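Beneath this line is the structure, given in structure tokens, with notes to follow.
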Amino acid sequence: MAAEKQAFADETKEDAILEKLGYQQELKRSFGLLGMIGFSFSVVTSWTALGGVLIVGVETGGPPVMIYSWIAVSIVTLAVAYSMAEICSAYPVAGGQYSWVAMLAPPSMARGLSYVTGWFMLTGILAMGATNNFIGANFILGQANLAFPAYVIERWHTVLLAYLIAILVTVVNIYGPHLLDRISKGILVWNIASFVVVVVVVLATNKHKQPASFVFHDFQNFTGFGTAFTAILGLLQSAFGMCCYEAPAHMTEEMKNASREAPKAIIMSVYIGAITGLIFLISICFCIGDITATAQSTTGVPLIQIFYDSTGSVVGACFLASLITVIVLVCANALLAEGSRSLYAFARDKGLPFSSLIAKVEPKRQVPVYAILLALGVQMALNSIYFGTLTGFNTVIAIATEGFYLSYAMPLLVRILARFTGHAKVLPGPYTLGRYGIVFNVIGLLFLLFTSITFNFPTVNPVDKDNMNYTSAAIGVIGLVSVVTWVTTGRKGFTGPETGVGIVVRGVGEEEGVSAEVGGKGE
């Protein structure tokens, strides 16, 4: 009885926080801490993400770049994750990054920056869902090719199977929202168990392990570019593998005691991802056979080739690949949930065309059905890029990662800007970084800006229309659309959260002084 009363009190408090931000609680709070860690890690799931895009690392520097860049990216990612955890604790709202920008930016630019951030955030989340569908399709078709060598994988096979994955998880999201917490807890156990099985089996069965010099020293280059440039390109694999860790922020309105538990889930997913990712990479790199044959495997998935070369068994390789495939499919479910909640939140603030329709919540199941269907449509459209270009898979990876990283950078940027304009706030949440917050903010911002630039570089030399990296064009179009829609409709219609929740503290060079800030929705 006491536990039930406490749970009710926590839920009431979280609803009150949401109300202060200008919103009514419409979604059902079903997630606890363990379920949300499972949900977040099923999205981050670094070791399987690294395996899914192993081809990028193999071609751009090989094992040394994969391992050292992963260590570096994991360390600086913690600066970003801690920064976002602190903000999420203060503002536990499904809008995530764009809502935080509205709360933290200087008032004169808050709504505009929030609007642009929302577009980049949606781009990242929806493109990441499309990328994950690609990875799932690649793993399934790769196993088919391994089992039946006469079968030749065509690009349209991959796209159609990606469509099917997207449709299946849409059905689960609409008709089984009450299962999300249980699925998340279950997949956490499956994920860790699969990780142990894959690493142990590959290391135990592989009889032709590479020397340490190959894993930690020998540089591999299939790009046609110079060594330094290729090493920078290799960051994409690590950056993709350490992404989406802010997922709990978009599910806070479905979490119990979100202001305390969501930050923990964000941080824990990064630590778990960093450790499992490093162990996985080192293990796999020791077990890579001929690196050229691995990169050019007819399965289309170098990891499946490594499984086969290690075990010497089609059944064994397919078993290990199937463990990862299950994780990828559950990740597809989680990414669609995250994407639809983000669309719902942005539409609730009138940030999209037909916002009133997209923001509708189906009363019986308490899910945003139209937002889910829109997320499905966008994912399928992004998957269709592969019909037209050989580098479509890499392009969607880069679009997803850059969209995320730009949306991560914006809250950190405005936190830093606010200190110079006298609008910095003491965040009211229970999770705080104190005086070290600015240090984490600066480190995180520099990393995000650097990687966001590198994602636009071409990945193969010589460059032509078929292998060109069109990420910059896609991101540029999205940025242009966000600016144009802001000028034409968003400036008048977009509301954003209530901006008066917080405490103004000293600006740069000012004496310490605290005063309540007043403001209203859309100020």
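Placed from the backbone N, Cα and C atoms, the Cβ positions cover glycine too.
Small disclaimer: the values here were computed from a predicted structure and weren't measured.
Per TrEMBL, the features are:
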TRANSMEM  31-55  transmembrane segment
TRANSMEM  67-91  transmembrane segment
TRANSMEM  112-135  transmembrane segment
TRANSMEM  155-175  transmembrane segment
TRANSMEM  187-205  transmembrane segment
TRANSMEM  225-245  transmembrane segment
TRANSMEM  266-293  transmembrane segment
TRANSMEM  313-336  transmembrane segment
TRANSMEM  367-387  transmembrane segment
TRANSMEM  393-417  transmembrane segment
TRANSMEM  438-458  transmembrane segment
TRANSMEM  470-488  transmembrane segment
> Does the chain bring the transmembrane segment (112-135) near the transmembrane segment (187-205), so that three or more CB pairs sit under 8 Å (pairs 6 or more apart in sequence)?
Replying inline: no
>> Quick check: do the transmembrane segment (225-245) and the transmembrane segment (266-293) share at least 3 Cβ pairs under 8 Å, counting only pairs 6+ apart in sequence?
In response: yes
>> Ranking 67-91, 187-205, 313-336, 367-387, 393-417 by the number of C-beta pairs under 8 Å to the transmembrane segment (31-55), which range is first?
In response: 313-336
> Are there 3 or more C-beta pairs under 8 Å linking the transmembrane segment (393-417) with the transmembrane segment (67-91), counting only pairs at least 6 apart in sequence?
Replying inline: yes
> So, do the transmembrane segment (313-336) and the transmembrane segment (187-205) meet, by the test of 3 or more Cβ pairs under 8 Å (sequence gap 6 or more)?
Replying inline: yes
>> Which residues of the chain, 6 or more past the ends of the transmembrane segment (187-205), have a CB below 8 A from one of its CBs?
In response: 34, 37-38, 41-42, 45, 47-48, 276, 279-280, 283-284, 286-287, 306-307, 310-312, 316, 320, 323-324, 326-327, 330
> Mind checking which residues reach the transmembrane segment (266-293)? Cβ under 8 Å, same chain, six or more beyond either end.
Replying inline: 37, 40-41, 43-47, 50-51, 54, 58, 62-63, 66-67, 70-71, 74, 77-78, 81-82, 84-85, 88, 192, 195, 198-199, 202-203, 206, 208-210, 214-215, 220, 222, 241-242, 245-249, 303, 305-306, 309-310
>> Using a Cβ cut-off under 8 Å, which residues of the same chain at least 6 positions beyond either end of the transmembrane segment (155-175) come close to it?
In response: 129-130, 133-134, 136-138, 140-141, 300, 329, 332-333, 336-337, 340, 362, 365, 367, 369, 372-373, 375-376, 379-380, 383-384, 386-387, 390, 392
